[in-house]
Amino acid sequence: MEKNPQALVDGFNRKVDYLRMSVTDRCDFRCVYCMAEDMQFLPRQQILSLEELYQVAERFVALGTRKIRLTGGEPLVRQGIVELCGRIAALPGLRELCLTSNGSQLGRLAQPLFDAGVSRLNISLDSLDPERFRALTRTGDLKQVIAGIDAARAAGFRRTKLNAVVLKGRNDDEIVDLVRFAIDRELDISFIEEMPLGVISEHERGESFCSSDDVRNRLAEHFTLVESAESSQGPARYWRLAEAPSTRVGFISPHSHNFCATCNRVRLTVEGRLLLCLGNEHSVDLKQVLRQHPGDSARLEKAIRDAMQLKPYRHHFEVGGEVQILRFMNMTGG
C-alpha cells in the first residue's frame, strides 16, 4: 500500500480514502424506503453551492482521498452537475469519480458524464415490472430508466452496476429476474439490505427485511456462485457467476454482515454535514467553516482531520423497533 503522510486515519487506525458527497436532497422519484411521499426539500440557501462542494472535494483529495462518489437525492437533477464532475475528476491524485443515479436522466446525460471524467455508475433498479416499479418509486417510469441504463452501457464507463434494495413481499420474487437482466446486459448487480433511516409509512421494516444470506441462497438455486476477492473499495462482497463470467453479484449487508471493521468512508450531506458513520449521528458542520472562513483551505483541512477522531467503531442498526436515525436516505446521500 502506498504511503501518504497526509492520509486521513480515524481513531481506530482505519484509513479513510473514500468520500461520498450528496450534491442535492431533491429527487424526481419518491422511493418508499428512501423518503416520505410529501418530502419537503431544503431551501437553496441551506445547501452547499457547487463551488463549496468542489472545495470540500479538493481538500479531501489533498488529504489522500482516492475515490469520490456523488449521490443525492438524484444527483442528475442538480443544475451544473456535469461541470462539477469535470472539475472534481481533474483533481490530481483522485483515482475514481463515481456517481449513483436512479437512471431517469441518463438518457441525456450518460455521455456528457463519461466525457467529464466519471468512471463508474451505480443505477438503482428495484423491479422489472412497470406497475411495481411505479409503486416502489411512486413516480418512476421503468421504460425511461432502462433507456438510461442502455445509454450508460453505450457511453463506455469503466463499470456500470445495478443496485436493488430487496423488500420481502414487495420485490423479493424478482431477484433471479434482476440477475438475468444484468447478465443480458453484461452488468454487475448488488442486492442491498434496507437501511433503517427515517420514518416510513408504506411497510414495516421488520416484516419487509430480507437478508443477504436469503437472497444468496435463492440465487444459488439458479446459478453457480463463486466467491470473489475483488473489491470496489465499498461495502459490497462479490460473487462470480460460473454461467456468466461478465457479471458479478454483490451483497451489501449492513445488518447481517456489517462491514464496520474495514470502513474507509465518510459522507458529506448537501447541507454540509460531514457524517462519520451512516448509522450514527456523529457529524461535523463543514458548511459553517466554508461560509465563516471562505477560501481558508487550512481551516477546512483541520476541521476534516479533527472530524476523523469522531468516527465511531460501528453502527447500531436494528431491523425492528424504534427508528434511531430520523434523517431520510435522500438527506444522507444514497
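Cβ from N, Cα, C; glycine included.
What Swiss-Prot annotates here:
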- Arg20, Arg69, Thr100, Lys161, Arg265, Val266, Arg267: GTP binding site (BINDING)
- Cys27, Cys31, Cys34: [4Fe-4S] cluster 1 binding site (BINDING)
- Tyr33, Gly73, Ser124, Met195: S-adenosyl-L-methionine binding site (BINDING)
- Cys260, Cys263, Cys277: [4Fe-4S] cluster 2 binding site (BINDING)
- 11-235: domain 'Radical SAM core' (DOMAIN)
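Location within the structure of each feature annotated in Swiss-Prot.
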| residue | record | CB count, 10 Å |
| --- | --- | --- |
| Arg20 | GTP binding site | 22 |
| Cys27 | [4Fe-4S] cluster 1 binding site | 25 |
| Cys31 | [4Fe-4S] cluster 1 binding site | 21 |
| Tyr33 | S-adenosyl-L-methionine binding site | 23 |
| Cys34 | [4Fe-4S] cluster 1 binding site | 28 |
| Arg69 | GTP binding site | 23 |
| Gly73 | S-adenosyl-L-methionine binding site | 29 |
| Ser124 | S-adenosyl-L-methionine binding site | 23 |
| Met195 | S-adenosyl-L-methionine binding site | 21 |
| Arg267 | GTP binding site | 21 |
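The subset of binding-site residues (Cys27, Cys31, Tyr33, Gly73, Ser124, Cys277) lying with their Cα within 10 Å of the Cα of Arg265 (GTP binding site) consists of Cys277, given in sequence order. DSSP gives Gly73 (S-adenosyl-L-methionine binding site) a coil state; it is part of no helix or strand. Set side by side, the binding-site residues Arg265, Val266, Cys277 differ in how many other CB atoms lie within 10 angstroms of their CB, and the most is found at Val266. Calculated from their C-alpha atoms, the gap between Cys34 ([4Fe-4S] cluster 1 binding site) and Ser124 (S-adenosyl-L-methionine binding site) amounts to 12 Å.
Confidence annotation: the domain 'Radical SAM core' (11-235) carries a mean pLDDT of 93 in the model. When the binding-site residues Arg20, Arg69, Gly73, Cys277 are compared by Cα distance to Cys31 ([4Fe-4S] cluster 1 binding site), the shortest distance belongs to Gly73. Cys260 ([4Fe-4S] cluster 2 binding site) carries a helical DSSP state (H, G or I). Straight-line distance linking the Cα atoms of Cys260 ([4Fe-4S] cluster 2 binding site) and Arg69 (GTP binding site), rounded to a whole number, equals 19 Å. Here is what falls inside 10 Å of the CA of Lys161 (GTP binding site) among the binding-site residues Cys27, Tyr33, Gly73, Ser124, Met195, Cys263: Ser124.
Neighbour counts of Cβ atoms within 10 Å were compared across the binding-site residues Cys260, Cys263; the minimum falls on Cys260. Look at Cys31 ([4Fe-4S] cluster 1 binding site): DSSP puts it in coil. In space, Thr100 is the closest of the binding-site residues Arg20, Arg69, Thr100, Cys263, Val266 to Ser124 (S-adenosyl-L-methionine binding site), judged by Cα positions. Here is what falls inside 10 Å of the CA of Arg267 (GTP binding site) among the binding-site residues Cys27, Tyr33, Cys277: Cys277. Spacing of Arg69 (GTP binding site) relative to Cys263 ([4Fe-4S] cluster 2 binding site) is 15 Å (Cα to Cα, whole number).
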